[in-house]
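Feature list (source: TrEMBL):
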type: TRANSMEM; residues: 22-50; note: transmembrane segment
type: TRANSMEM; residues: 214-235; note: transmembrane segment
type: TRANSMEM; residues: 241-259; note: transmembrane segment
type: TRANSMEM; residues: 297-318; note: transmembrane segment
type: TRANSMEM; residues: 343-367; note: transmembrane segment
type: TRANSMEM; residues: 432-460; note: transmembrane segment
type: TRANSMEM; residues: 480-504; note: transmembrane segment
type: TRANSMEM; residues: 582-607; note: transmembrane segment
type: TRANSMEM; residues: 619-639; note: transmembrane segment
Amino acid sequence: VFQSLPQNIVKFASPPCISPSFYLGCTDILCCILFILALLGYFAVGILAWSQGDPRKVIYPTDSRGQFCGQAGTPMEKKPFLFYFNILKCASPLVLLEFQCPTTQLCVEKCPDKHLTLVQAKISNKDDQEYYRQYCKDGVDFNKLVRSFHCPQITRRCLPALGTMKGGVVVVGNQTTINVDGVNINATDVLESNVVVEARQVAMRIFEDYTQSWHWILLGLVIAMLVSLIFIVLLRFLAGVMVWVMIVLVILVIGYGIFHCYMEFAALKGEPGADVTLRDLGLQTDFAIYLQIKQTWLAFMIILAIVEVIIILLLIFLRKRLLIAIALIKEASRAIGHVMSSLFYPLLTFALLAVVIAYWAITAVFLSTSNEQVYKVFNNSECEFSRETCDPKTFNVSNISAQCPDAECLFAFYGGETLYHKYLILLQFYNVFLFFWCANFVTALGQVTLAGAFASYYWAFKKPEDIPAYPIFSSLGRALRYHTGSLAFGSLILSLVQIIRVLLEYLDHKLKGAQNKFAKFLLSCMKCCFWCLEKCIKFLNRNAYIMIAIYGKSFCTSARDAFFLLMRNIIRVAVLDKVTDFLLFLGKLLIVGIVGIFSFFFFSGRIKAVEDAAPSLNYYWVPILTVVVGSYLIAHGFFSVYAMCVDTLFLCFCEDLERNDGSSERPYFMSPELHEILSKTKRLEEEDHDGLGKKMLCCVGF
């Protein structure tokens, strides 16, 4: 019996005289050393970034002197808004490269609410002159040409109040043209300039929404965690009933979504502006506008209806296999019942992933804000010193101001000429790569830990007597002590593919304006291929980690053994494993649907009882989407316990079939219930084989 057991599990069933170290040894040591060195370098990058960075550059807008508008304890504390002298210059490519418009910018107390030019201000009354003067640079009289736009208060930056009249005519205020330096410019041209800056405003509004609703988002995620935990616990004791309840509830929740979309669609009938199409509306920064037109709700209704039909058809076609998958989930529930601590292990994975994400995000912010203020020469006429670096303190007495009278030394962007600043982009790249590597390592650690615990359950000949006392802790200890290198190796391979995909997305973004169709086609093919490669590697890694947990071998050997084992049982993979994954996916969908519906009604203020408690937001879809995505990740974490249990039992089951024959000399380690599942899959395989043979005979006869 002990000879038929996997080496890594023998110690649980073997006599005390056999040493566990005889069967265990460190794997992929070289990759383990490389991973530790990479982590030390990652910590060094973080310390360097934290010593150089300044997050205020992200939170506060910066004027032409590099001062932070609205920052407490500074002269600009009461001037929280940023005013652009010439918004048209924000359409320059420099805005995308340097994140700063090449025009004078001032911190102001409020955005202008009048249309005034220099000539109008000179001939106007004293009040208008004083009003106009506050938007001039300090120490500059009306001899300096400046512009003023009527603009709303948009997240601390002053932008033109652009609107669209019926027929698609763009206006600034109520005018279709504006005068800049004596030249009439169409409002459409201003709109093109405004889009570049408006994108940053949307990001700032989203940031403000998070500051207003973060505690409600956390509450929603906690509720999702509790719902997931309750569902998993009920699945442990009432697996068969809960699976059918889950299927029915998923159909009902999606059906309610279709009904709600129809009611919203019907309620907008006859409303002014509701018949505008999505194409005519175009891209709007206020996304709530889309919910006020009928076509949006019609699109939602059609999408949900298609999803509903697909799920129902899949359930009909897989009705025989569903019974077998439910039986396998019951067997997994029994395994989880003997390893109850596995239900709470996802909390450790969540905590570790939260640390990895937080470290990456904080390091990225500090790296991106660790530049120094760089000033450059900006001018309207021909000047040989244009765009050269300058010093605002000595600019007025330099040769540049003498040769170029209209030139100004303005804050351009954050940068630097030191060795640190030259390699800053490489540090950002290293930050992203280590983020992928660490996140994949944490995921791999969770998978191999759960696999080791469930494998110890399966290979225990007498259940539960032969199961170790603390299977999760024992498996975690073995993974960290012996297989850190193997986990780092698998994570490294996956991270390399993911970073290549990031680079391809970056290239695709850069080539959006290119006219080379062949380059676009080639890039699209490469993106598709690497997406498929990433999915394949994730699948192989997952099964390789299970084999590592069972046998304690290296990553490459385990990946090869897992691949050929699955290929020898490919029909069982389709019959058992993937149908079970589909049922677990429906469980995730149910939790996301329940939490998403309640968050939608809460944040949109449609629940009268808690209407006053809902925060005031720019975009109420921001916390809704955050809660929905977070709920899916939480549900995925809890259901991953069941998915890992099913996958582990399946591989152990296949190994058991190849090693043993059920005789008294070589008995099966599977339970009688799992053996019954095997009998059902055999019958399904025979039916599929007979059906395929009949179809081939019919084709030949035809």
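Quick reminder: no glycine exception, Cβ is built from N, Cα and C everywhere.
Sequence-distant neighbours of the transmembrane segment (214-235) (same chain, 6+ residues past either end, Cβ-Cβ under 8 Å): 242-243, 246, 329, 333, 343, 587, 590-591, 594-595, 598-599, 602-603, 614-615, 623, 626-627, 630-631, 634-635, 637-639, 641-642. Taking pairs at least six residues apart, the transmembrane segment (432-460) and the transmembrane segment (297-318) share fewer than three Cβ pairs below 8 Å and do not count as touching. In summary, the transmembrane segment (22-50) does not lie against the transmembrane segment (619-639): fewer than three C-beta pairs, each 6 or more positions apart in sequence, are under 8 Å.
Sequence-distant contacts of the transmembrane segment (619-639) (same chain, six or more residues past either end, CB-CB distance under 8 Å): 205-206, 209-210, 213, 216-217, 220-221, 224-225, 228-229, 231-232, 286-288, 343, 346, 349-350, 584, 587-588, 591-592, 595-596, 599-600, 603-605.
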